[in-house]
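Structure record follows, encoded as structure tokens.
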Amino acid sequence: MVSWRFENCAPGGSAEVLRETSKSAQFKRPVQQPRPNLPLCAVPDIQALLRELAALRAAVEARPGGAPAVAYGVAPAAPVAAPAAPLALVPRVVSASEMLTLRKAVPKFDGKISYEAYRASFDDLVSMYPHLTEDQRFQLLSSGLVGAPLSLLEDLASNRTFAGLDEALRLSYSKPIHAWTEMNNLSSMRQDPSESLEEWSTRVSRTARRAYPDMSLARVEEFAVQYFFTGLSSAQIKSGVSGLACTSMQAALDACRLVRSRLAPPGPAAKRVCLASVAEATVEVASPGPSSAPAPPVSAASAAPAAPAPGPSWQDQLSAITKQVEQVVRQAMVQQAADAGTNTGGRGRGRGRGRGRGRGGRGRGASGNSDRSCYNCGQFGHFAINFPRAPQPQPQQARAAAPAAAAAPAPVPVPVAFPDARVQYVHPPHYQANLTWPMHAAPLQLQPLPAPQVQTAVLALPAGYQQVTLQQPPQGPPASGNGQ
């Protein structure tokens, strides 16, 4: 492609035509050719073209439509049509099913909060349906009224519109008016008899926050504590907490619980009885004077130095100690049998193991001893093989022991001191023994013997006895006996 460049184009002169070459052709050796001298008429007039272009622009700008400018030598483009006017929006109608769904979703307003807060939540729901009519908005707002606000619909007989209902609710339950109403409610609130302290404190705290919306929470809680104490239904609790300076509702609740626990009547006694110590025990001290009025109870520690009151006779003491010892021995035997039965159950070797009628068989566990009786005495808790008493003498042994029993003197009771009974008696090896019988030891049966001697010893108590008899013969040593 060859392009032409005009230089020195002056009016009335000549033009020199230079041929443009490519970059690669510029490095070639130029060919020596004479430059042609063209006449001026063969060259277009640039000034005339510029004047024509300016006139064309002025004509285009003068037109009312304002067509776009057209370059010289280019065909004008087709006129662009102006955009059509926008179509009018057709309002969308909310269906009945959508209205039913909205009625269920509308929040309820009972007047316990300000109308401004409720209106914010109502507008959030209604904003998703911008095509609601005024009648539909009125229906939705009226469907959310509950309780006292519902009575405002009766005053809107002539102005049952959304704007009228909104204005009535704003005048009745706006923030300042609602706070004043809650203040009056807070001062007249009282605790129901069936209402617990926790429920009462929650109700007072919520009402106080609604009554003082612009106050700090710490100050609101102080007001709530005052109304909490004032509205208590129990006069005793109210008098017990009067004068307390509680700054939090939790502290007020703790104080009321403490007063209520002190005023509560004592409940039933516990099944487990805790034995008091000697220092804390309470005893009755008999007055030495002639007055018959009972003496005040004093502690055992303070009553110890005083002279003891005359107690029961030694026979009663002996009988009581005998019963206690029998009970202790019976429990020990039952526990021993239970331990033995626990270790002999199951199958295998040893006594009480395996199957069969011999020494084997199922072991006797602890659960089976408590409901089985002894064949010898008929009591529960042990078997005949573990009978705690000594076996009764056979008839031949009884006839042989009859002359010795006839020769023995008749027994005579001996007074002893308890809880440690010390009795001297004569043993068959002919030595004199001093028997110490603590209250918690196993009992011993003593029988008189006619042979006093000189030696003194301490005799250990054998186990397995349940009866105690302290006797003294009419003649001979001060006390005699035989431990069996």
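Any Cβ shown, glycine's included, is placed from N, Cα and C.
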Correct range for region 'Disordered' (source TrEMBL, candidates 112-140, 286-314, 373-401): 286-314
Cβ-Cβ under 8 Å with the domain 'CCHC-type' (373-384): same-chain residues at least 6 beyond its ends: 330, 333-334, 337, 364
Segment-level pLDDT (mean, integer) for the domain 'CCHC-type' (373-384): 75
